[in-house]
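Asks: What TrEMBL records for this protein is below:
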- 1-19: signal peptide (SIGNAL)
- 562-582: transmembrane segment (TRANSMEM)
- 742-764: transmembrane segment (TRANSMEM)
- 776-798: transmembrane segment (TRANSMEM)
- 805-825: transmembrane segment (TRANSMEM)
- 868-892: transmembrane segment (TRANSMEM)
- 913-934: transmembrane segment (TRANSMEM)
- 946-966: transmembrane segment (TRANSMEM)
- 1000-1023: transmembrane segment (TRANSMEM)
- 1029-1051: transmembrane segment (TRANSMEM)
- 1058-1079: transmembrane segment (TRANSMEM)
- 1167-1185: transmembrane segment (TRANSMEM)
- 1206-1231: transmembrane segment (TRANSMEM)
Amino acid sequence: MKVLVLAFVVLTGNGGVSSAAKGPHYDASSGIPAWVDIDTPKQFYKATSSRGESWDLVMSDEFNRPGRNFTAGVDPMWTAIEMADGVNAALEYYSVNMTETVTEADGRGVFRIITKLDDISFRVYNQYKNPPGFQQSIYYPTWPGVWLLGNLGRALFMASTSRMWPWSYNECDANLEKDQRISACDGNPGFGLNPHQGRGAPEIDILEGGGAAISSSVQIAPGMPDEYRPVFPINGESPYCANTPDVPSSITATRGHRSWYQGLRYAAHVCAAKADQIQVASQINASLELGIVDNSCKLSTCPASFDVNGDRGPVDGKAGSGLYWGVNKDGQCFPVMNGYNGAYLCDPYTTNSKCTAPLHSDGNGNGNKIAPFAYQMDAISANWPVEFAAYSGYLKYQLEWVLGRRGYVRWMIDGVPLFEIPAEALESPPQNAAKSNPKKLMIEEPLYLIFNTALSTSWGTVPPNAGKPCRGDGLDPKVNRICDAYPLYLKLDYIRVWQNTSTMSVGCDPASHPTRLWIDGHKSEYEDIDNPNIDVWGGPRCTSNRGSVSGSSSDGPMGPPLVAVLIISVLATAAAAAIVYIRGRGKRLQLRFRGSMEEMAASKSAGSRTDTIRRIALMENQKQAELLRTKYRRLTHLSDYPSYILPRLIFLVYKLKNPGIDCTVVRLGSLFNLPGTMNNNAQNPKGRHDLEERVTHLQSVTNYKGDFKDAKSPLELEDGALVAGGALDLLSKEAFALFSQYAAIGVIYGLIPALNFPIFNVYLRLEGYQTASYSTLVMLGWSFKAFMGMMSDCFPIFGYRRKSWLLIGWMVTMICLTIMTFSSLGEPYCNREKAAKRKSRACTKPYSNASLKDHDLFNLSAPDNGGLFIILSMFVSLGYVTAACASDAMVVQYAQREPLAIRGRIQTAIYTVRTFTGIVSSVIVGFGLNGANYNGSFQFSMAPNVPYGICLVPCVVVVLSTIFIVEEVKTPPIPLKVWAGSFWDLLQQRVMWQICAFRFINNIFQGIGSTAGAPMFSIWANVEPLNDALASVLGGFIFSGILVVVGKWGLHWNWRWAIALSSIGSILIDGAINFMTIWNVVRNQCFYMGGALAEKVPGGVRFIVATYCAVEIADVGNEGATYGLVTTVSNLASPFASVIYKVIDSYFMLSQDDIRNDTTQVRWDVTYSYIISYMCKLFALAWLWMLPPQRTQIQELKKKGGKSPLAGAILLVIFFICLAFSVTTSIMSIYPSTKCYRIAGGNGMFDPKSGACPTVTAVMAVMDNKDKRLSS
């Protein structure tokens, strides 16, 4: 049989949206997507779906290379299994020896499965000692299958499929919980699974061959209760005639509601028309309106599909075509409803009367060998004739699979629709008053692809030429050569997979539906000694680099943005060297980065290949397996592929925008299981098969609802969206409410820290360690993000999780800003305006060096006036960060609703708003605080309280916006115990504590600076507030541009090298500028600020690359907690680093007065301070081994890293210790009574009389005495 299977597998909620689609990502080495065969013709790199969407080729295998070996771990794309099977009365043995790739006489490369008579006699007979009807069964039509099965079940390994197959259900139902192994009722399922998410292994059958007919179906659970199920017809004329409420049978007439799945779609296949099969749509509709009488369906009264509940609208909505679903307008081949509609599945030791021949109907029980279960599953399928074309030429079988409320599963042949199951048929089934019919979920599990063929006495039709060696019709000599003779071949010409890359993605272990840790934790259920678990890695036939899969090794091309970073760094260093006449030779460092995530997966060592399709599991003992296989009578068949199917498989799947494909998209093996009876001439009229789970890993990336809400099935997952709801309109009121939050955050985030220099450094003349503390305290709120995120998630107020905490945060911020707006900061430390009128330079000198007549210019108590403002600024930080955490949670919710094509749009928009308003705040500081008292050159300036009033304005606006515009649905609180258990489980994962340890340790050493920075800035470089503000504005634009560049070209750089090079570049640029300023080679504010701007380039690279790992760690359901913890640990390192370098610098002469004195000793002390800083920054790079080099490796660590309660506890303890230490020491540094302690960053000198920290005057006296003692 020749079959070309064209499977469009669309993993999204709606087929529309894709104007922003980008083409597939190509490897650097071959120019071909990582999973695409280089032999695939270029014209197939694009395909158009039945809905008119343009999709990109993301995976293909042309099978043009003969002699491939499909032993586990050998072929990069497929794995054959070695196992016998006898379910469904099928005689099967699967073996790698039965698979091969060959080149046929016409030059066509094919994969084929060979079944020889001696194999049947030896392998199958030895496995099944007395096979019933063995000699007869080999003459029955073979049973080929191409199907998809959920990752969580492995075909033939029944321990893995028990209570997994074929569940697609995400409701918490106490009546079904015990039968669904991973239930939505479970808040702590473990093994990396999402809490309150129902999981299973549903099945989609692309085709099951049986004689001259093909069956296509979806196998799904839980099945409908008896009162909704079809019943067998009274007269036996039509298998589904009595299923409908319109049929006056004694059973259905009393139901009072509809039965079975509504709105299924059937359409004619292109084949020879027959006049006696022609129907008229109006006649059929009129007949159905009157109701079917006498329990009989005829072509003149019923749809050609015999499904009176099917959709009867225009095919694909094209009313002018004259084609209607269910109506055979031209008398062509037409699919009909399959008489098999599912089975009641039970454990093999059940006493349930609904189960066929329970093993222990005598009540002996199962001895706890297997968890008991008993549940109904449904097979929704249609049979359609292919006549003999499938045996004499290649046909194109196609499948489209779209997720979400408007999703569907559609089967086609050569582009012509045959059968379609819309999502609403599954998610909105008929209901009685008690709503007792479970609402299934449109299949969204990761699936993988299986091919198999079986010999069976319970499936397929009687041969067309019964009793004779050939299956032909006895007339055509060519057709008569299609015989039930050996060897038999199942041939596959090619497989091609497309997806809409703007809305869909591929993978085997997505965060929305985690898989790997579950399989790793139940290995005995998924593998045996003959079938080990070895991943495939893709990209099999490229000529350069293994599989032409991009990675992070040193032989890949260097991305253009990184080259720009290196060039700027080298030029800046060279210019500095020329100025100070330093001669030397620099070694040129060359690194190569591969530009694709997919290459990373393939370039790994054989021992750690990326996850793809897990082959695992073993029954605990063979005897039990035999019992299950014999009495469990399911449809799993992975046999020696004895059918005449020659599939060229074309799959339309799709890849990630930045595809970290760490697993094979599809896995072909000697596996081929196909469910249910599809033949309308079946010998088994009841068509009952206790179907077994099948496993196929073609993944759909939809998303589990990560927000802590009711455990319900997602209603709509459009175009790859992670949760339902649709993308947020950026011009809507909701968007305005969200943008107003970030506009206010931007103003405060930009303005409050920017007041450090003009007000606290210049106006109040706080010491360097005090201004460093101010910078720490106003950012301190970010260290509490994990707690604030928890509050927002777990403790809604009046039902509002976000809105209530937004208001709390903004009210705290508004109160503090109000106090600061209307409180006095007093006179400046030195009144520069009066000094300018006197033409005095007293403000440029230490107070001790000022003349007596200039002492009235000084206000020595000015530094003490800053204490209240610093504390209030800290509470401002806590307030607006609380609001920011709630806003971030809203952004996550909105972003998860976005289609994959535009996901990230809302984040980009809010950060654009925040950055823009932050730039505006810099302009305000530059122009409003550039008067003489702020060390500026303007003749006018704002009062020091005005900036707080400016911050107050957006606070008022955002409070009103939160009250009247922010939209939020009320939700119940999450029990703290549940949240804490989930969070504790997360803390124990190695990927979490290792990344947290790296971020903390690296950021501590990276954050070691110098307290001389602020005094150098204002005194030696003489930077004016205006230039500082303008530099901040320009720096913001440069920084944003670098983020855009890295986002476009640097997503697949090796993180370790990118951080290392950018850090070294920053040190080179910053060091050259600072040392030339320290030693008075160049002391110019433009030169000083220009160097700082140049540093923005490597700084931007380092910043954005370092943040990527946090996103990779986050799991659905724990995004807020995960991201909050990782970023909190990172933020916490900043104040901790500040404490460290303040302690170090307290031993040097780095005060403002020291900098003003500008002695050689001071210059050396400042130099030592910066050398220590730079050495610490370089030492920070020594910890890069803790950071995985890219997404693939971090995902691998996440899956295989395991857990450690000890490490989780240590992480928690260190976190709280560091937080408490940083807060305490930072607060000590701003109070006069404690500011001199070394732990607070002071110089450790106390008043010799009182033993307390001295006043400014006393400090000067102590310093003078010290200097005298040293000089003498």
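Placed from the backbone N, Cα and C atoms, the Cβ positions cover glycine too.
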Asks: Three or more CB pairs closer than 8 Å, sequence separation of 6 or more: does that hold for the transmembrane segment (1167-1185) against the transmembrane segment (1000-1023)?
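Replies: When sequence-distant Cβ pairs are counted, the transmembrane segment (1000-1023) touches the transmembrane segment (1167-1185), since at least 3 lie under 8 Å.
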Asks: Please indicate, using numbers and ranges, the residues of the same chain that are 6 or more beyond the transmembrane segment (1206-1231) and have a C-beta under 8 Å from a C-beta there.
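Replies: Long-range Cβ neighbours of the transmembrane segment (1206-1231): 769-770, 772-774, 776-777, 780, 783-784, 866-867, 870-871, 984, 987-990, 992-993, 996-997, 1000, 1128-1129, 1132, 1135-1136, 1138-1139, 1142, 1237, 1239-1242.
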Asks: Return the stretch with the most CB pairs under 8 A relative to the transmembrane segment (1000-1023), choosing among 742-764, 776-798, 805-825, 868-892, 913-934.
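Replies: Between the candidates 742-764, 776-798, 805-825, 868-892, 913-934, the best contact partner of the transmembrane segment (1000-1023) is 742-764.
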Asks: Does the transmembrane segment (1058-1079) come close to the transmembrane segment (913-934), meaning at least 3 CB pairs under 8 Å for residues 6 or more apart?
Replies: no
Asks: Might you confirm whether the transmembrane segment (776-798) is in contact with the transmembrane segment (868-892), defined here as three or more C-beta pairs under 8 A between residues 6 or more apart in sequence?
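Replies: They are in contact.
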Asks: Cβ pairs under 8 Å only, please: of the recorded stretches 776-798, 805-825, 946-966, which one is richest in them relative to the transmembrane segment (742-764)?
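Replies: Looking only at 776-798, 805-825, 946-966, the most contacts with the transmembrane segment (742-764) come from 946-966.
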Asks: Could you give the residue numbers and ranges of same-chain residues that sit at least 6 residues beyond the transmembrane segment (946-966) on either side and whose C-beta is under 8 angstroms from one of its C-beta atoms?
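Replies: Contacts of the transmembrane segment (946-966) (Cβ under 8 Å, skipping residues fewer than 6 from its ends): 733-734, 736-738, 740-741, 743-744, 747-748, 751-752, 755, 759, 802-803, 806-807, 810-811, 813-814, 817-818, 820-821, 876, 883, 890, 917, 921, 924-925, 928-929.
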Asks: I need to check the long-range neighbours of the transmembrane segment (805-825): which residues 6 or more away from its ends have a CB within less than 8 Å of a CB in the stretch?
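Replies: Same-chain contacts beyond the ends: 741, 744, 748, 759, 763-764, 788, 791-792, 797, 865-866, 868-869, 872-873, 875-876, 878-887, 944-945, 948-949, 951-952, 955-956, 958-959, 962-963, 966.
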